[in-house]
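Colleague: So Swiss-Prot has the following annotated:
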ACT_SITE  D13  active site, proton acceptor
ACT_SITE  H41  active site, proton donor
BINDING   12-18, 40-42, R306, 332-334, 414-416  GTP binding site
BINDING   D13, G40  Mg(2+) binding site
BINDING   D13, E14, G15, K16, N38, A39, G40, H41, T130, R144, Q225, T240, R304  IMP binding site
BINDING   V300, T301, T302, G303, R304, A305, R306  substrate binding site
Amino acid sequence: MSAFIVLGSQWGDEGKGKMTDYLAKDVDVVVRFQGGNNAGHTVRVGDKEYKLHIIPSGILYKDKVNVIGNGVVLDPEALFQEIDYLEKAGVDIQPDNLMISDRAQLIMPYHKVLDGIKERSRGKKDIGTTGKGIGPCYTDKMERSGIRVCDLINQDVFKENLKENLKIKNDIITKVYGEEALDFDSICDQYIEYRKKLAPYVKDISVEVYNSIKNDKKVLFEGAQGTLLDIDYGTYPYVTSSSTIAGGVCIGAGIGPTLITGAIGVAKAYTTRVGKGPFPTELFDDTGDWIRKSGREYGVTTGRARRCGWLDLVILKTSSRVSGLTNFAITKIDTLGGLEKVKVCTGYKFNGKIIDYVPASLQDLAKCEPVYEEFDGWDKDIENAKTYDELPENAKIYLNKIEEFTNTKISIVSVGPGRDQTINLNNM
């Protein structure tokens, strides 16, 4: 595949960072196309662990070009903190291996303030935002009042846009919520400093990515979050503010759909979720606790404990359908090792019928009862398996069920967090 997508097929945290890192060795360009620093990707290389939030996972290879697309919302403060963190870890970052779209929207201090204020005002109806200003920034983008990277590069344009925006935002902050106004000069000075550091990285990434594909370079598009967090197909309103499915690539990276040759959906061998919202296969017993501890299920960005449950094949089937997945990469199958029995959800019982899709209505999804198929478990120690044949027979039966139900072949199986703990079935 010359231009392919790696995206999450559940509620995020599926292991996209590891999969992108693993696949990046064979590509030339890695592109982030949506989201912001609310994403959290963990990549382990040898005995080192890297936690990435905004920079594409390909940055850990010396010879890859990494691109932050126009569909991303960019917090310059978070970006430069991440660059500093990576450089201290020995990762070289220069304008020849990191590009930033001139059309990307900038997260401003008032976005983060409003994100926190609005979430607190919701009380018990909060939606679990990370408080990083992602939603308010996307709101400004759709209202056509946002400030883009290209606006920051033009200092006069930036000052004028900031002046207009801050007047409106301060009115909301002070008059609606009774909070303290933000200062124009301090924000302006801060972002003018960011401008100097950002400028060398800024390019028209649509042109760059298009030319890469046309020149037979291999391009990997790295998704953030997951299908069930998509603004349209997720469990709305407990979703993110961008399009996390394959269609988001065209908008967020500025290329046409005919240039994309494949889409790999990353999914855990079980299901997790952070924050509120329906979760049909959630486990509230000792098994759920065991999976959480065994899988180290705590958020990279928030540190919040993840809710855990059995694998939901209805969700994976939905993910495959809405993104046109060509392959699955299954992660953390080692976490289930040692359980005597494992289950997968093959349908929902809803209003006396069995359905195999995710309802749009939260109220309907909350009423859905999972229909399970039970399988025998497998040996705990599979972390050293190097080939598919070395996996326990019961694990293979489990994987075969995923392929059969979703009508999507599995191409990669992860048996641990390391690069070398990855089994490639060589069928992509």
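Glycine is no exception: its Cβ is also placed from the backbone N, Cα and C atoms.
Computed from a predicted structure; not experimentally measured.
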Colleague: What is the nearest of the recorded positions D13, G15, K18, V415 to Q225 (IMP binding site), using the Cα of each?
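Modeller: Closest by Cα distance to Q225 (IMP binding site) among the recorded positions D13, G15, K18, V415: D13.
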Colleague: Counting other Cβ atoms within 10 Å of each residue's Cβ, which of the binding-site residues A305, I333, V415 comes out lowest?
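Modeller: So among A305, I333, V415, the binding-site residues given, the one with the fewest Cβ atoms within 10 Å is A305.
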Colleague: Return only the integer: C-alpha distance in Å from T42 (GTP binding site) to T130 (IMP binding site).
Modeller: 17
Colleague: Taking the binding-site residues one at a time (G12, G40, G303), which has its Cβ surrounded by the most other Cβ atoms within 10 Å?
Modeller: G12
Colleague: Quick check on the recorded positions: of D13, T42, T130, whose CB has the lowest count of neighbouring CB atoms inside 10 Å?
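Modeller: If we count Cβ atoms within 10 Å for the recorded positions D13, T42, T130, the smallest count is at T42.
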Colleague: Which of the recorded positions D13, G40, T130, G303, R306 has its Cα nearest to the Cα of I333 (GTP binding site)?
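Modeller: Smallest Cα separation from I333 (GTP binding site) among D13, G40, T130, G303, R306: D13.
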Colleague: Measuring Cα to Cα, how many angstrom lie between V415 (GTP binding site) and D13 (active site, proton acceptor)?
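Modeller: Rounded to the nearest whole number, the Cα-Cα distance is 16 Å.
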Colleague: Would you please pick out, from the recorded positions K18, H41, R304, the one with the fewest other Cβ atoms within 10 Å of its Cβ?
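Modeller: Among the recorded positions K18, H41, R304, the sparsest Cβ neighbourhood within 10 Å belongs to R304.
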Colleague: Using Cα-Cα distances with a 10 Å cut-off, which of the binding-site residues N38, T130, R304, R306 are near G15 (GTP binding site)?
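Modeller: Passing the 10 Å Cα cut: none.
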Colleague: Work out the three-state DSSP category of A305 (substrate binding site).
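Modeller: SS state of A305 (substrate binding site) = strand.
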Colleague: How big is the Cα-to-Cα gap, in Å, between N38 (IMP binding site) and G12 (GTP binding site)?
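Modeller: Rounded to the nearest whole number, the Cα-Cα distance is 11 Å.
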